[in-house]
Amino acid sequence: MKRIKQLLQADLSSVIIPIITIFGLLAITSEGFLSSYNMFSIFQSVPIFVIVGLAQMIVLSLGQMNLAVGSIGVLSSVVFGIAMQNLGMPTSVSILLACIAGVLQGLIQGVMVTKSGINPFIISLALLSLYKGLALVITKGQPFSELNAGFSAFGNLKIVGLFPATIFIAALVSGIMYVLIRYRKLGKRLLACGANGVAAIYSGVNYDKTVIIGHAISGGLCAIAAILQVSRFGSVQLSIGDDWMLTSFVVPVLGGTLLSGGKVNVIGPFLGGFLMVLINNAIVLWGVSSYATNAAVGLILLLAYEVDRMRKKMMNNQAKSAVEKEA
Amino acid sequence: MDFAKIRKSNSFSVSIIIVFMVVVMCFFKRNYLSSDNISALLKVLAVTTLVGVSQMISIASGGMNVSIGSVGAMAAILSGLLMQNLKVPVLLSILIGIGIGVLSGIINGLLIYRNGGVGVASFLTTLATNSVFIGIIYMITTGHGVSKIPDAFVAIGSSKIGPVPTSVLIVGVLITLVYFMFTYTSLGRQILAFGANPKAAELYGISRFKTILSVNIIASILAAIAGMLVVMRVGTAQPDIGSDWMLQSFAAPLIGGTRQAGGKVVVFGVILGVLVLTIIENALVHLGVDVYWTELINGVVIIVIMAFDRLRSIKN
Amino acid sequence: MSKKEEYILELENITKIFPGVKALDDVSFKIKKGEVHALVGENGAGKSTLINIISGVFGPTQGSIKVDGKEEKITNPSKAFELGIGVVHQERNLIDTFDIAENICFMDISTGKNKMKDKKAMNQKAERAMERVGLDLKPWQGIEELTSGKKQMLEIARAMCMDSKVLLLDEPTASISLTEADMLLKTVKQLKEEGVSIIYISHKLEEIFEIADSITVIRDGKNIGETLSASSLNKDKLIELMVGRKFVTETYNNRDLSKEPVILEAKDISSKKNPIPKSFQLKKGEILGWYGLVGAGRTEYAREIIGIDPITNGSLLIKGSEVSIKSYEEAFQRYKLCYISENRKEEGLFLQHNITDNVGIIALDQICTKGGFISYRKQNEITESYKESLSIKAKDIFVETASLSGGNQQKICIAKGLCVNPEIMIIDEPTVGIDVNTKGEIHKLIYELSVQGISVIVISSDMGELVGIADRIIVFRDNEIKGELENSKDYESMSTKVMGSILL
Amino acid sequence: AGMMAGCKGGTDSSSSSSQTQDKTAYDQSVWKDVVEFGAVDGKTDKDYAFAGVFGAINSYSDPMQGAADIAAEELGIKATEFDAPKDWVQNDQNTILDGLIAKGIKGIYMMTSDPVAGNEQISKMTSSGVPIVCVGGSPSTPSKATLTLATDVYQAAYDGTINLIKAMGETGGVVGLCGAVTDTNTQSRMEAIQKACAEYPNVELIQIIGDIDESEASVTAIENILAAKGDQISGFISTCYYPSVALAKILSDERYSNVHAIGCDTDEAVLDGIKSGALDGTMSQNPWGQAYLATVTLKMLTDGWTYKADQDFLVDSGSFYITKDNADKVEQTQMEATMEMAKTWTDRFDAPAK
Ligand SMILES: Nc1ncnc2c1ncn2[C@@H]1O[C@H](COP(=O)(O)OP(=O)(O)OP(=O)(O)O)[C@@H](O)[C@H]1O
Ligand SMILES: Nc1ncnc2c1ncn2[C@@H]1O[C@H](COP(=O)(O)OP(=O)(O)OP(=O)(O)O)[C@@H](O)[C@H]1O
Ligand SMILES: [Mg+2]
Ligand SMILES: [Mg+2]
């Protein structure tokens, strides 16, 4: 009982508890769940969720939203495709170019948000169309499928027969983001700008610069997610990113990021992404109609809220009774 | 209202842009203002305006509602199914459709209240309920549309009263009611006060619970009506109704001058915002723009419009 | 029976426990009809908590409240208004998007009594209410651009027109000018005549003695002794009761700064907003007071100097060389010029963050290791040291700043300013809402800083404060500098001189 | 309705354990004595757990599970499962596919949500020993799937346009209505429309509108183009579902009685449109036959048959022009064509070595 209480008090309990529950239930009820094929597949789906979630999280921490995550992803991957297929660049250069493209798109968004005075939501909305439109105009909708074979293989590479190589990339990116947010000045500044922009300025933070950098990082992360997606699909696809927007919000939020800015949980998206994938997996394994996928994700999100409330209530009660005891 | 004040308003600059767009279109296409095209524009306008107003109410209260589309779809599908399978009379079905709106509004409202009230909570909660509602729709329909909608129902959408399509009239009445609510009733003012400063509003006697609940019920009723209007327009009730409402619902009121942080609305500005969006969509078809260019142009035009509005407000 | 009816409000054994803090501990007192009852106590003593309980913001953990002799459960703010309890909270609570009339007549809107909006009646009502508190504004004006003093007066006007039997005023004069405060006190007296009972909270003890009939002292959440009649007390005794020990005000001697170099010099600085050019000099280690009534343009002038508002004309010299500061970041990083805003909630604090993070953001350079990584140990050490030296009252340094009392929040803002080791500090209204004891500590701090060679500009509307610590006082009125005076540290003569130059 | 059965999923079918299986269906089928009945070679029923996964929830796939189960019954194997992601999202489909395999499904017939991106998933599944037969539309080639049973999307769009042009009397303006422009299949459909129009000197392709495979967007687009160029338009060719439904509604207006239209798919709303005269016809493909033959193929592959190297990867499952005359016999038309193919189906394979 005490253990459970302790667990409930942990910051991430609202995501860890559902993960453990679903994982346990699946392991008991479904024999295929622990098969290496299934585990590999689960781990293979996680990285993109996580990185897209991180891309959104960093903008959320600024108290803003990036609706263009998917479009930035698709335009970056088009740059990647052009570099690799049309210009015959080596893989590393192509990846670099794609990331630069992503950062640039984020940068443009950041500059417009800070300098133009136009409503940030509308900017993001317009850029969503603009970036995607640009990708379409450049390619005329044609995919790039003659990619470097080694690169495509990477997306499906198995390590120890269980882990896809991509999950290590996601872990690495999460780690870097963790350090960035928690241990670098930039992270503190980002959170400060998200919590109270004016106070941040009065604390000597360059608000505009910080916001721009935040958006740029978000753009870069979108590009990384896109590259991982390309390597999994083995081709650059213009529908990449079409399904990212909802995911990008759900993942960090499941992972405990406040949408109002100023507070984030960097490890959260990793767990949030994992939880999403587990739910999807459970729905297929339990033979529930895939129509229920949506409903299940929604219910889990609501459940996360409940767990969080329970946790807070318990901690408050504890603190209160501690005071009473003292008296 | 004196002219100077009007001239400074956001609505004025958006109006200028709309007039400009129409003039340019008339220049390129002689028949741009044909009655056919105007009625095509009006029909889209009706639904999108309702969607925008529904979102505007949530924004006014300092919240967001991303479940508008699924509420609309639920009302459309359920009223459609009742009419098709159980032969429920048209009027009763419409009432039940609105009832679905009320019910989902209550669900949203209660959950949002429970989860803390404004901004964050409303976005997340409706994100979750949206998923649940969509799940319900697809479980009921298994992805199939309801195609045997009684003519009497569809006729409401396609008929005209005088020169005006009935659907436009319905929306006109509804938006006027919303305007009336925000301008003259204390409920409207309470919503605005709560949106601008929830803490102060609560400290001075506005009930958080009542406000959130009424906002969500009203918004969901409008969404439900919008969903049924789509059925009247399309002739079938498809489960994908509302799937592309989300972005429009935010864009229309924000372009129209509603304050994103809540507390200030420009009710009729929503119509202007919707006009901007629909005219772009309409113009792209009229000009025969290549399919690959439509997205790009869409984005560019929105930015240009907002930049223009911004420049004017700086000058003022 | 008849004796009981004399009390309009009776608090019995009120206890309030927040997670981790016992804010009120068995507080009881009674208020008679038509009296002004002052509540005094240090920052964080629990005064505002009491107000919140009476006005139904939250319920007490224990204890009961009687209104008019009848026990009432005040579960929400509306209930309090129904019982005739009006309130002006310590923090500003206006609706930015509403015009003045709507803000003043807010209760009509929130209670939904008048279902339909009657603009004309509202405007008239608002005008009458403003007249009462001496505000000269148009009811249809927006409020976003008003100064904080005007906003405060608006709130008071709103409370006045509620027709309440009991009026709770939580530090109403903290951020308004002397004239406005006079007007307010006059209104309070008049209300008292009309039979309204008033609970009045203030850290300005002169006011207390001017209007209060009875005084209850709260220390650490408990009421100290019985309610006392104001006439039986004097200032020193009251402070002693508040602080729990004898309190000595320190005096700071005059210093000779004539040999010190000028570290900051402004020459005819003006901006688009403030076309009147203004100049001043600040010496190393000097405390320069900027006196003026609220709205005299001191904050705006400071904002120009620190690079937040652009300067159109004039030049700024730091240590003799001309500089052009384009952003506050630059002023702060490069010239060690630090500004502490008067507006702690909006411009000072990150309310959802804890104390350490609030301090850490400004002390990034100190809390970073060589590799540029943040050391949370250092951050905690620094915060802990300020918590100690400024005696910030909080459970620990990891509580959200939103849950602290107003005065303690102000102390955190000051800690933020101190921990960057500035060369020049501009402190805007450093002791608004600060209790006497801490006020003394802050003054001492400012003085010590100046002794270390830091030059400090103190913007204050409190003449006593400036006379106490400043070396020199510059007087502002209507965006102009009206005079510059050496401080003789003699309150009487200085105040006549200052008033003289203001009226000039 | 077929999909609801899929919801129940993994329910044990009656054939799972007993030897006393009902062979009557087998005896009457074309497979009698050609393909073996039930499990062979020490394999068990479990090795014959097959599933169908479509690219998205779409009425096109309605007949599929029923057809697959008829094949399963004839061949004495477990009833099949059926599933599809809500939208055309490859990632979502991958989740379903991987889950099914984890659950023990040993063979899958499917349409990729995305023809290019789905290929990598097909490779992953085949390399773990699960045979894949594609239906509905071909993945991009080369692919690790055994074969694709589909209508050539290019050909279908081309034929549809030609039918439209004929209905128009070979003169007038044509408008094409298409789905997501990011889909490579949409691109070939657009090319087909362009090519067909170019072949007739008096026919002008006015415009192709893309990205409108949604109920509202399609209505808006059609109303807009009618308002803009109503006088020039003689016909619409729709290559996706929602615009077809929208055409059926809008063109039922008297004013547009001389505007011709060819739709796509055989949903009730579309067929009603044909019966009422709003549409001239629709291009029906053969989802019934695709699922039926695909299931047979999966059984054969599991038994040890191999697809001959010289056989085409893409097997045309036929497409039919449905008009007023045969609107009531859509499924029957499909079945007949399928049974015709079934007669020579095993010729495409090498029999298992004994
Ligand atoms: N919502 C809350 N949650 C937790 N603790 C709180 C909350 N509100 C107040 N407190 C704590 O209760 C104590 C009393 O605070 P209160 O605001 O009543 O002080 P105060 O006497 O008004 O001080 P000041 O003069 O500085 O305004 C403080 O220690 C404060 O931190
Ligand atoms: N919205 C406004 N419209 C017109 N004048 C304004 C407005 N806001 C501020 N002002 C004026 O700007 C000037 C400077 O205000 P500022 O806040 O800088 O004064 P201050 O001396 O710092 O007083 P405070 O103690 O309120 O900060 C004042 O003359 C004030 O009346
Ligand atoms: Mg207080
Ligand atoms: Mg000031």
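Cβ coordinates are placed from backbone N, Cα and C, and glycine is handled just like the others.
Annotated in TrEMBL:
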| type | residues | note |
| --- | --- | --- |
| TRANSMEM | A:12-30 | transmembrane segment |
| TRANSMEM | A:42-60 | transmembrane segment |
| TRANSMEM | A:67-87 | transmembrane segment |
| TRANSMEM | A:93-114 | transmembrane segment |
| TRANSMEM | A:121-139 | transmembrane segment |
| TRANSMEM | A:159-181 | transmembrane segment |
| TRANSMEM | A:188-205 | transmembrane segment |
| TRANSMEM | A:211-231 | transmembrane segment |
| TRANSMEM | A:243-262 | transmembrane segment |
| TRANSMEM | A:282-305 | transmembrane segment |
Item to check | Contacting positions for the transmembrane segment (A:12-30) when only residues 6+ beyond its ends and CB under 8 Å are counted | outcome: 254-256, 265, 267-268, 271-272, 274-275, 278-279, 281-282, 285-286, 300, 303-305, 307-308, 311
Item to check | Intrachain neighbours beyond the transmembrane segment (A:211-231), with Cβ under 8 angstroms and 6 or more residues off its ends | outcome: 47-48, 51-52, 54-56, 58-59, 61-62, 64, 66, 69-70, 72-74, 76-77, 80-81, 95, 98-99, 101-107, 109-111, 113-114, 147, 151-152, 154-156, 166, 169-170, 173, 180, 186, 190, 193, 237, 240-241, 244
Checklist entry - Taking pairs 6 or more apart in sequence, does the count of Cβ pairs under 8 Å between the transmembrane segment (A:121-139) and the transmembrane segment (A:67-87) hit 3 or more? => result yes
Next on the checklist: Can you work out which residues elsewhere in the same chain, 6+ from the ends of the transmembrane segment (A:93-114), have a Cβ less than 8 Å from its Cβ atoms?
Outcome noted: 64, 66, 68, 71-73, 75-77, 79-80, 83-84, 120, 123-124, 127, 131, 207-208, 211-224, 226-227
Checklist entry - What parts of the chain pack near the transmembrane segment (A:42-60), using Cβ distances under 8 Å and only residues at least 6 beyond its ends? => result 66, 69, 73, 156, 162-164, 166-167, 169-170, 173-174, 177, 181, 190, 194, 214-215, 217-219, 221-222, 224-225, 228-229, 232, 244, 247-252, 255, 257-259, 261, 264, 266, 268-270, 272-274, 276-278, 280-281
Checklist entry - Are there residues at least 6 beyond the ends of the transmembrane segment (A:159-181) whose Cβ is under 8 Å from a Cβ of it, and what are they? => result 36, 39-40, 43-44, 46-48, 50-51, 54, 58, 61, 187, 190-191, 217, 221, 224, 228, 231-232, 264, 266-267, 269-270, 273
